[in-house]
Amino acid sequence: MPYDSTASLPYHEPSIETLLILSSFIILLNAINWIVDKWLFCGLVGQILIGVAWGAPGGQLLASDTEKAIVELGYIGLILLVFEGGLSANMSSLRANIFLSTCVALTGVAVPIALSFILMPLTGATHFQCFAAGAALCSTSLGTIFTLLHACGLGTTRLGVVLTSAAMLDDVAGLIMVQIISNLGTTTSEFSAVTVIRPVFVSIAFGTSAVVICRFVLVPVHELLLRSDSWVCTIAEHQKLPLVSYITLLVGAVTASSYAGTSNLFAAYIAGAVISWWTTLDSSPIRPLSPLYGVQHETGRPDTTTEGGQVDIHLHNQPAQDISRSDVPVPVPQTTSVFEHYFQPALVWVLQPFFFASVGFSIPITALFTARIVWKGIIYTILMMLGKIAKLEAIKRP
């Protein structure tokens, strides 16, 4: 009987060339990130450039199958980044500044899209192409926002809360528009209103259902756990339960959103926000924190430690601060400690660098530097900078 090569993957030792290329790729991704972050606070740019150099646009050192694997692993990193953004969200702070954050977010979405229509006389682009370009640049990088605000010491002030929540709303709007553009770009039939409204209404329904589940399912469960002295409460206090609940909720939300027709990144943020909301319930028996998880790691993330290097596990029992009228720092949700202990090492050292490197794989660097393209790119960059400055003006005039 002949051997079926599809039944298994024969194990072959990688060549020394392959080992050197992959090891240098991973090492340089992290080294460049540290160096650029140290001086310019934008290490992700260095990781993108490494992706350009090692990938198909540059030296073509990585095999095509390897690049595809890096793209897929990097997307897992992107999901975890958005999930961490949801975990870091402070629900009380967001509610106190929701109107101002919404105004800032709307400005950050509308102005870049409006300015993008200047491309029509410059390049002869269609309305759809101008809208797609503006939608692609209306979102704000949460990673960049968190890094810069933390470096300036503004991460937990009112300004930091408004900017981060507005950036999250921008990303949600951008994700919906990307889904719409993707559907419009791949459809071969005539234009249908369903193509446009389905991602919008599915996203709204997904967010609404999360609120309903929290109010009418999780709150009764929380009260039941508070009253229970049986084995249920013992299981709820197990230190591994937060890890299981994080994974279950994240995987379930991402899977459901993908089949429903909305962005799985939006679902990842909702999953993180639900967990963050759970920790705001007073005296919750499910402690997403223990001394084991209280140790902070040096990863450039917002510092949530107190003196002695331990996280204050009673922050959620303290009176809420009125951050709508002052710049008093707001307690950072404790949920990030579980994330940092279990998820962040792989995210920071492997998955996140892979994601930004995969962005570099898709940049046609050799086709960009022509006189006709460069001057148009400079003009468009200036327009988008004006769009971001308009967002800051919206903060001054709430």
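Including glycine, each Cβ sits where the backbone N, Cα and C put it.
It should be emphasised that the depicted structure is a prediction, and the values quoted were computed from it without experimental measurement.
In TrEMBL, the transmembrane segment annotation falls on 15-32 of the listed ranges 15-32, 231-248. Remote same-chain partners of the transmembrane segment (346-367), defined as residues 6 or more beyond its termini with a Cβ less than 8 Å from a stretch Cβ, comprise 25-26, 29-30, 33, 44, 47-58, 67, 70-71, 73-78, 80-81, 84, 299, 373.
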